[in-house]
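Written out below as structure tokens is the structure these notes cover.
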Amino acid sequence: MGNLKITLRDNAWIRWGMLLMVGFVLAANYYFYDALSPLKSKLTEEFGFSSTDFGLFVSVYSIPNVFLLMAVLGGVILDKLGIRRTGFMFVSFMAFGALITAYGASDIYTNGGWGYGFMSSFMPSYSPELKMMLLGRFLFGLGAETSIVVISKIIVKWFKGKELALAFGVKLGLARTGSFLAFNLSPILIESPAGWTTAIWFAAFFVTASLIVFMIYMMLDLKLDRQSQQDGELVKSDPFRLSDLKKLILNPSFMYVTLLCLTFYSAVFPFLSFSADFFLNKFGLSVKESGFISSMLPVGTMFFTPLFGFVVDKYGRAASLMIYGSLILVLVHTCFAFTTINPYVLMVILGIAFSLVPASMWPSVAKIVDEKRIGSAYGFMFSIQNIGLWIFPILAGVVLDKTNAEGVESLNYTFTLIMFAALGILGLLFAILLKREDKISGYGLELPSNSK
Ligand SMILES: N[C@@H](Cc1c[nH]cn1)C(=O)NCC(=O)O
């Protein structure tokens, strides 16, 4: 038994201060993830990107996580090497990948800089710019997903038994601030006197700055570990065993939440990547205004996610909230496909759905899975989710190219949106199954946070 000494995590100022730090790392991650979305038409103009090329660029982020099982492996590495070493390694990958992406679009590179000749020497149907940018985003994705797993574990470490769901909500709110900034700043930065690629360089430097912030967090983490070790409170992860993964897969609640994660996020993130271009084409808006409408989604979630996190902590009902969120998602995509309802309104409503599900999903995993396995569990969920984040941006681009004649003035997005609505219906089904299963397995997903 520990002797109940006060540690850093018992000090609310330090606990929430450290959340701001890891939130900065996440905001940079999300900023870079979304920074090129409002630039789709610019990439077509400058480098001749088709919709399929753009979809490929978005989706290559997920390849290391799907094929190298990076998020699972990252979770395993995390359980083995710990938060500091794993976090440092993967945030560094993020920064390196972001800088390579910016280099691939830069004048230095396009004027025959390092690697240009090599990238021109194979697969001539893909431009050397696209190939270098794909390499950069691949490396960024390799680091980014595992970093999110590391940060989720950091939050469980500091907030378990305290304001866990609220902390997850605030964390997601901070992450989405990054997306909000990306959709608004990128269209401004392309007009910079230093050239349109300023938008990409800025994104890359933001990620590099987040590496420095993570290094500062590492000092706090070390101090907390020393205190917890003295108190005998340090939660040590057991070595990873394949049988643990088998146990997770055989747990119906865990699998329903994972499948909801796959289908729900596949209907949101790939849509968000194309959304600015969708508004531009459907409503004939400028790059700035369509980027601004896209940013209504993250802006809604910045406020609603912490709020719903608080509701889940205090009143529970996490499984029910996942059902409501999935239902709203289906309705919004259907409206986008078949109506001309004001896109600002629909994006804010989608923001409610995009708050309800994440705010209840991520803390629910901490109820279903033992803390010692939480790294592997989040890693597994992210790897499955990344199958969707890999396939659906490509499919969205292919559907767009196939359902629109070449060189058409404005792209018709109806079939792409029907695809996203269908994914939402699947998500709704898994959310209903999760709630039903919870009555049998008794993880208490409908109960407040501190009752379990
Ligand atoms: N795996 C991430 C995907 C992502 C999107 N932008 C950057 N990373 C994820 O799903 N995170 C959880 C969330 O609710 O944002």
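Think of each number as a place in line: the chain as shown, counted from 1.
Cβ from N, Cα, C; glycine included.
Database features, via TrEMBL:
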- 12-33: transmembrane segment (TRANSMEM)
- 15-439: domain 'Major facilitator superfamily (MFS) profile' (DOMAIN)
- 53-78: transmembrane segment (TRANSMEM)
- 90-110: transmembrane segment (TRANSMEM)
- 130-152: transmembrane segment (TRANSMEM)
- 164-186: transmembrane segment (TRANSMEM)
- 198-220: transmembrane segment (TRANSMEM)
- 254-272: transmembrane segment (TRANSMEM)
- 292-312: transmembrane segment (TRANSMEM)
- 319-339: transmembrane segment (TRANSMEM)
- 345-365: transmembrane segment (TRANSMEM)
- 377-400: transmembrane segment (TRANSMEM)
- 412-434: transmembrane segment (TRANSMEM)
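When pLDDT is averaged over the domain 'Major facilitator superfamily (MFS) profile' (15-439), the result is 92. Take the transmembrane segment (53-78) and the stretches 12-33, 130-152, 198-220: counting Cβ pairs under 8 Å, 130-152 has the most.
Between the transmembrane segment (377-400) and the transmembrane segment (254-272) there are 3 or more Cβ pairs closer than 8 Å, counting only residues 6 or more apart in sequence, so the two stretches are in contact. Contact between the transmembrane segment (164-186) and the transmembrane segment (292-312) is supported: at least 3 Cβ pairs lie under 8 Å, counting only residues 6 or more apart in sequence.
Using a cut-off of 8 Å between Cβ atoms, the transmembrane segment (412-434) and the transmembrane segment (254-272) share at least three residue pairs, counting only pairs 6 or more apart in sequence.
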